[in-house]
Amino acid sequence: MPVAAALASGLPIFIGAACGELGLGLVASLGGLVFLYLPATRLSHRMAWLMACAFGMTGCYALGLLGHLFPLLLVPLLAVTSIVVTMVCRFYASPPPGSLFFVMAAAIGAYSPAHGRAALVQVGALTLGCVLAVAIAFVYSLHIVSRRGVPAPSPAPDPEFGFVVLDSVVIGGFVGLSLLVAQALQLERPYWVPVSCLAIIQGASLRAAWVRQLHRIVGTALGLLVFLAIAQFPLDAWSVAGVLTALTLVIETLVVRHYLLATVFITPLTILLAEAAQLPVLASQAIMRARLVDTVVGAVIGLAGAACLHSPRFRAAVDAVLRRVLPNGAE
């Protein structure tokens, strides 16, 4: 699977480099992340779920671009997007990364400089990246099913109101709050703050969220050193494509073993995805400083959100409000 995932993310960048459109290749590579949502189920379910995720990824990115046109709506738009996507992922028992990459696509789209026709072209590029990822997933699934057979169907999830609705509302609220704080602090690249917040707040327990916060901050700091080392080399479109493909391969190999080590390589990957279109000029020190600040701010807000999420008193208060607003939620 790591090789197929690296191909889904890296091939669009190679195509973009060959066409002289590295920026569009990077956007398409963002769509390639949809491959990571491939479930270990029968072939028909795999493809139906992955195509639904591709549609969701495209919609989130398009909504982010729409928020760029209406800055006052950006915070509520990202909060509502986070709530809806998290609800869907939890209702259908989507495994990690859950709603993370959908929200990341929306956040990056919200701060994309594209306008008008250029924005439509970027949505098209991301859609093509999703389509390519689905095609790669189909070939990969045929190979896996032919070797290992069709897996036994898992029991249907039994969605619980608190897990699906309450948690999603709290998570979306803190994601929106994190972006609001980033805007208030006038951070240069605020889109990483809600992404870091979401990555932390989704911990299975408060202790897990605390450990993940430490891993993310330390991993980001080490990852910035990796990015600095990469930035010392003369980078062109082809070398960026090769580096991103290699980073994806390493991440997919490590993430199931150790989150901290994976974060070390996730940091340069996400920086290059968002910033490599500025080649040949990359202000590496400014990017590193901004990314570290964004990560710390997002992680602190995410930890505060996790504390609320795992507080019985807080949950009871929010549950009572939601059940009054949504009377059918108690059923």
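Just so you know, glycine gets a Cβ as well, placed from its N, Cα and C.
Positions annotated as domain 'Integral membrane bound transporter' by TrEMBL: 178-304.
According to TrEMBL, the transmembrane segment annotation covers 12-36 (among others).
Feature annotation from TrEMBL assigns transmembrane segment to 48-67 (among others).
Marked as transmembrane segment by TrEMBL: 73-93 (among others).
If you look at the transmembrane segment (98-114), the same-chain residues 6 or more away from its ends with a CB under 8 A from one of its CBs are 30-31, 33-34, 36-37, 56-57, 60-65, 67-68, 74, 77-78, 81-82, 85-86, 88-90, 121-122, 126, 171, 175, 179, 189-192, 194-195, 198-199, 202, 270, 273-274. Annotated transmembrane segment per TrEMBL: 98-114 (among others), in sequence order.
Taken from TrEMBL, the feature transmembrane segment covers 120-140 (among others).
The feature transmembrane segment is assigned by TrEMBL to 161-185 (among others). Residues 74-76, 78-84, 86-87, 90-91, 99, 103, 107, 193-194, 196-198, 201-202, 294, 297-298, 301-302, 304-305, 308-309, 315, 318-319, 322-323, 326, 329-330 of the same chain lie 6+ residues outside the transmembrane segment (161-185) yet bring a C-beta within less than 8 angstroms of a C-beta in it.
What TrEMBL lists as transmembrane segment is 222-247 (among others). Within its own chain, the transmembrane segment (222-247) has Cβ neighbours under 8 Å at 6-7, 9-11, 13-14, 16-17, 20, 22, 25, 29, 263-269, 271-273, 276, 279-280, 282, 284, 287-288, 291-292, counting only residues six or more beyond its boundaries.
Annotation comment: TrEMBL describes 259-282 (among others) as transmembrane segment.
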The transmembrane segment (48-67) versus listed stretches 12-36, 73-93, 120-140: most Cβ pairs under 8 Å: 120-140
Helix-strand-coil residue split for the domain 'Integral membrane bound transporter' (178-304), DSSP-based: 102 helix, 0 strand, 25 coil
Same-chain residue ranges lying at least 6 outside the transmembrane segment (12-36) that approach it to Cβ under 8 Å: 4-5, 50, 53-54, 57-58, 61, 97, 101, 104-105, 108, 121-122, 125-134, 136-137, 236-238, 240-241, 244-245, 252, 272-274, 276-277, 279
Cβ-Cβ under 8 Å with the transmembrane segment (120-140): same-chain residues at least 6 beyond its ends: 1, 4, 7-8, 11-12, 24-25, 27-35, 38, 46-47, 50-51, 54, 57-58, 61-62, 65, 105, 109, 112, 114
